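Enquirer: Got a structure for you, questions after.
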Amino acid sequence: MALIFANGHSDVPSTQPPIGKQKKEIGRESVNYHPSVWGDRFAILTAHEIEVDEITKQRAEKLKHDVLKMLHNVSVSLQDLNLIDEIQRLGVGYHFETEIENAMKRIYNSRDNDDDDLHAVALRFRLLRQHGYNVSSDVFKKFKDEKGEFKASLRENVRGLLSFYEAAYLGTADDTILDQAIDFTTDQLKSVLPNLNPPLSELVKLALDVPLHKRIERLQSRYFISIYQEEKERNEVLLEFAKLDFNVLQSLHKEELSQLSRWWKDNDFARKLPFIRDRLVECYFWILGVYYEPRYSRGRMMTTKVISLTSIMDDTYDVYGKLDELELLTTAIERWEWAAMDELPDYMKLHFSALLTAVENFEEELSKEGKAYRISYFKNAYTKLAKAYLEEARWASADYVPTLEEYMKHAQVSSAYPVLTLSSLLGMGATATKEAFEWAINMPNAINAISVVCRLKDDITSAELEQQRVHVATAVECYIKENGTTYEETCKLFKQKVDSAWKEINKEWMDPLQVPREIIKRAVNFARVIEFLYRYKDMYTESAGETKECIAMVLVDRFVD
């Protein structure tokens, strides 16, 4: 039961049956996954549906230079802080990374903490922490009264409250004032929301749903462009550039998805493996959340293939495969040889063949750049994942319920996030050095914390289908059996553990790193995707509703004049 592909939603029983002495027969389960909500839509896209005209591209390039001029003139004023924030939230910050980083250095070195404007202080704090500067949260002490409570006057400052709310989610374990800020601002924003008007009300609703720090960047940009165009004090040049750039970038994303959809269709996975979830488009959207910028195009193509093949593997281990067959598949993956396919049942051969072909193609391309060593790291990580899946299948067969400690130690691998994080480095450029792969394979604190977020977010929204078939116990069930708690008590505790894991992620982001932030950001972005997809149910498996709407916003709908 891998984290990234859990199934459905239900309450977990408040008690766990005793560990069975007899092995259960696993495999050949019947799970009614809905078919792809996209069909062949992206596989048959025409050039007209994908391409953006040259006039649009030229206009976007001209506007880009206009925005660049604005950045050359930035100082440390609130107006300039707002400009940088708007550029990033509108999704065009990737064009100006050097200029923004230079501006953030100036802002940090200015040490200007004297402002009594809550919005200004919170915005400065958030931007600096987003860029890795470990500025002190003591700057917010000035907003408390003599009783140690946040001043009552702050309740009237909705923009300030919203900025403070967003900033508070970049806290670490040492930032107790930010924990207090989350409680205070959440209560106040919920209280005033019914009395607000757009666009401010839309910003508040968006933030209360998922805070900015935990949002998928591309989806956040799509929302923010629509909200920003209603702002009275909007920057028209910046707004037009953001819309055009969104359309230009969407064109590239459509082309990538079209190629991947044809690969998926040519392999005929959905028809030949009817027990799997047909979710190629959702997989691409997932990886678009990890990196959307043009320079990561190859990385998206490679990682989407990996995650979609991992989804097939997960359904094989979790739903369809019998234990003796899963033993054979695990051995075949350990060998990484075509000859190993002879030992597999016919239905496993398609997946195994596609996996070997994909990895061989990756290796051939990377060899031309002297980067073939990356594949050995991938094979190592993927083999560990297969072994972890097999161990969970054995647990399910034996009706074994581990302790939470044993479960979580195992889940660091079976969550699939270590292998997916490493996979996201395969197609990257020079930043993904051998040292970066060593960092990823050795499970650093950042990846451990992200695995906790992903594992527990999944298990809190544990699936109804999990309860309808033989399955490995979830973290919730493990804890309930071990401690005799209720479902509600356990979920509350796990949400606290998720919050603590995010604080560790934030700490790792700001502390001196073994690898560049460009590398660690891939791992952090995986956690952001999970925060979105597992807010209240498994929106990967059940992708016909909100998931489809969000994918359409990013990959179908263009901005028009």
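Including glycine, each Cβ sits where the backbone N, Cα and C put it.
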Enquirer: Can you dig out which of the ranges 194-198, 314-318, 464-468, 484-488 Swiss-Prot describes as motif 'DDXXD motif'?
Expert: 314-318
Enquirer: Based on Swiss-Prot, name the residue from Arg262, Arg271, Arg277, Arg374 that is recorded for the same (2E,6E)-farnesyl diphosphate site as Asp314, Asp318, Arg455, Asp458.
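Expert: Of the residues offered, the record points to Arg277.
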Enquirer: Which whole number of Å gives the largest C-alpha distance between any two of Arg277, Asp314, Asp318, Arg455, Asp458, the residues noted as binding (2E,6E)-farnesyl diphosphate?
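Expert: Maximum Cα-Cα distance: 20 Å.
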Enquirer: In the motif 'DDXXD motif' (314-318), how many residues does DSSP put in helix, strand and coil?
Expert: 5 helix, 0 strand, 0 coil
